[in-house]
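Q: For reference, Swiss-Prot lists these features for the protein:
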- 1-13: topological domain 'Cytoplasmic' (TOPO_DOM)
- 14-34: transmembrane segment (TRANSMEM)
- 35-78: topological domain 'Periplasmic' (TOPO_DOM)
- 79-99: transmembrane segment (TRANSMEM)
- 100-118: topological domain 'Cytoplasmic' (TOPO_DOM)
- 119-141: transmembrane segment (TRANSMEM)
- 142-145: topological domain 'Periplasmic' (TOPO_DOM)
- 146-168: transmembrane segment (TRANSMEM)
- 169-198: topological domain 'Cytoplasmic' (TOPO_DOM)
- 199-219: transmembrane segment (TRANSMEM)
- 222-242: transmembrane segment (TRANSMEM)
- 243-259: topological domain 'Cytoplasmic' (TOPO_DOM)
- 260-280: transmembrane segment (TRANSMEM)
- 284-304: transmembrane segment (TRANSMEM)
- 305-320: topological domain 'Cytoplasmic' (TOPO_DOM)
- 321-341: transmembrane segment (TRANSMEM)
- 342-363: topological domain 'Periplasmic' (TOPO_DOM)
- 364-384: transmembrane segment (TRANSMEM)
- 385-401: topological domain 'Cytoplasmic' (TOPO_DOM)
Amino acid sequence: MSWQHFKQTWLIKFWAPAPAVIAAGILSTYYFGITGTFWAVTGEFTRWGGQILQLFGVHAEQWGYYKLIHLEGTPLTRIDGMMILGMFGGCFAAALWANNVKLRMPRSRIRIVQAVAGGIIAGFGARLAMGCNLAAFFTGIPQFSLHAWFFALATAIGSWFGARFTLLPIFRIPVKMQKVSAASPLTQKPDQARRRFRLGMLVFIGMIGWALLTAMHQPKLGLAMLFGVGFGLLIERAQICFTSAFRDLWISGRAHMAKAIIFGMAVSAIGIFSYVQLGVAPKIMWAGPNAVIGGLLFGFGIVLAGGCETGWMYRAVEGQVHYWWVGLGNVIGSTILAYYWDDFAPALATSWDKVNLLNTFGPLGGLLVTYLLLFTALMLIIGWEKRFFRRAGLTPAKESV
């Protein structure tokens with residue numbers, strides 16, 4: 001394989017979602033085994049909100065939620081912080097390789113309102129449920145935590161309401177029509193593309209170098225950044241967004257991303273099971289109303305905002321300003337939840353059991369139940385897709401894998 005062929009195929013063209021999501025599932029499994037924690041982002045965003053408040057004299061470290069998730073240190077001294085920095089770096093490098101970085105402003109003020117409001121709702125819901133589309137879903141279900149199943153189902157329902165809500169006339173922005181005599185060809189500036197590709201390589205090499213230097217003295221932090229770079233490359237090149245997985249189901253009937261997510265969790269689950277059998281403790285959260293309410297809010301919020309936690313991250317570094325607002329909303333929403341946590345927690349979360357399916361059904365039973373539930377979810381998705389297209393008189397498009 002020549003360099004130019006490799007460059008075009010793997011560094012410039014978008015990747016098929018299914019193998020990329022499966023790769024993310026495998027990578028998240030090794031991340032858990034090596035660092036002892038799961039791939040998650042909103043917990044760290046919540047810490048960012050708390051530390052911003054500290055700069056203004058607010059003693060956020062005294063709040064119950066920050067005692068729970070630990071506000072100590074900085075992003076440079078926390079595993080989650082270094083992993084997220086690696087994700088941003090990986091996303092940015094991948095976007096530069098493909099010359100996919102351009103400052104794009106929101107087309108109307110209503111889009112900014114959507115971004116901030118949706119981000120706040122999603123951030124609040126995610127932290128109420130102790131995780132977003134990662135910790136309470138994609139990496140939560142393979143941890144065999146019952147709360148992740150509650151969250152996943154509630155997120156699907158919330159996203160349905162979000163999809164219906166965003167179709168209201170208030171969110172329809174006017175489209176300016178311009179008369180033309182011929183189609184404009186899509187063009188790229190070769191010199192700009194080459195410069196950005198080189199810059200992307202510098203960013204990539206810089207992130208890898210930073211991670212390796214850190215690993216020499218603090219192995220887990222350095223490895224967390226390396227994993228983050230890998231996660232960032234995957235989500236940007238394959239455009240992995242859980243919002244589109246849910247929204248596309250309800251609006252267009254497309255289920256390709258949703259099925260890919262199921263496959264990714266199925267691959268991850270057996271790996272997590274192996275680590276748990278070797279003695280690594282799984283991350284189990286409260287299976288209470290917090291998971292259901294949080295999932296409903298999160299599902300609604302991500303569709304309103306137009307992006308989930310992974311989706312807004314890669315789109316933000318591509319220059320889509322709309323998603324800067326979504327990210328800001330996420331931090332605000334999660335920080336608001338942290339402020340009110342002590343009021344909500346006893347009734348909605350901490351008085352409920354943390355249910356580990358491996359303990360409830362036994363190791364093999366818990367694994368079997370998880371795969372049965374994943375298979376059921378896959379069948380429901382396939383059934384919905386067929387029903388949607390049958391009612392529309394269409395045939396589902398075959399997508400590359």
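Placement of Cβ uses the backbone N, Cα and C atoms for every residue, glycine included.
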Q: Determine which recorded stretch among 14-34, 79-99, 260-280, 284-304, 364-384 has the most C-beta pairs below 8 angstroms with the transmembrane segment (199-219).
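A: Per the Cβ under 8 Å count, 79-99.
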Q: Of the listed stretches (146-168, 222-242, 321-341, 364-384), which one yields the highest count of Cβ-Cβ distances below 8 Å with the transmembrane segment (260-280)?
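A: Of the candidates 146-168, 222-242, 321-341, 364-384, 364-384 scores highest.
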Q: Please work out the mean pLDDT for the residues of the topological domain 'Cytoplasmic' (100-118).
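A: Here the predicted model's pLDDT, averaged over the topological domain 'Cytoplasmic' (100-118), is 94.
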Q: In the same chain, which residue numbers or ranges, 6 or more beyond the ends of the transmembrane segment (14-34), come under 8 angstroms Cβ to Cβ?
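A: Result: 83, 98, 138-139, 142-143, 220, 223-224, 227, 230-231, 234-235, 237-240, 256-257, 259-261, 263-268, 271-272, 275, 280, 399-401.
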Q: Determine which recorded stretch among 79-99, 222-242, 284-304, 321-341, 364-384 has the most C-beta pairs below 8 angstroms with the transmembrane segment (146-168).
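A: If we count Cβ pairs closer than 8 Å to the transmembrane segment (146-168), 284-304 scores highest.
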Q: Give the nonlocal contacts of the topological domain 'Periplasmic' (342-363) in its own chain as ranges (CB under 8 Å, at least six residues past its ends).
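A: The answer is 63-65, 128, 130, 144-147, 273, 276-277, 282, 284-290, 293, 369-370.
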Q: Taking residues 6+ outside the transmembrane segment (79-99), which of them lie with a CB under 8 Å of any CB in it?
A: 11-14, 31, 35, 37, 39-41, 43-45, 47, 73, 188, 192-193, 196-197, 199-201, 203-204, 206-207, 211, 214, 220-222, 224-237, 313-314, 317-318
Q: Should anything in the same chain at least six residues away from the topological domain 'Cytoplasmic' (100-118) have a Cβ under 8 Å from its Cβ atoms, list it; otherwise answer none.
A: 92, 162, 166, 170-171, 173, 196, 301-306, 317-323, 325-326, 328-329, 332
Q: Same-chain Cβ contacts of the transmembrane segment (321-341) under 8 Å, 6 or more residues past its ends?
A: 42, 45-46, 48-50, 52-53, 60, 63-66, 68, 103-106, 111-112, 115-128, 301, 305-307, 309, 311-313, 315
Q: Please report, as numbers and ranges, the same-chain residues at least 6 past the borders of the topological domain 'Cytoplasmic' (243-259) whose CB is under 8 Å from any CB of it.
A: 17-18, 21, 155-156, 159-160, 162-164, 167, 299, 302-303, 305-308, 311, 378, 381-382, 384-385, 388-389, 392, 396-397, 399
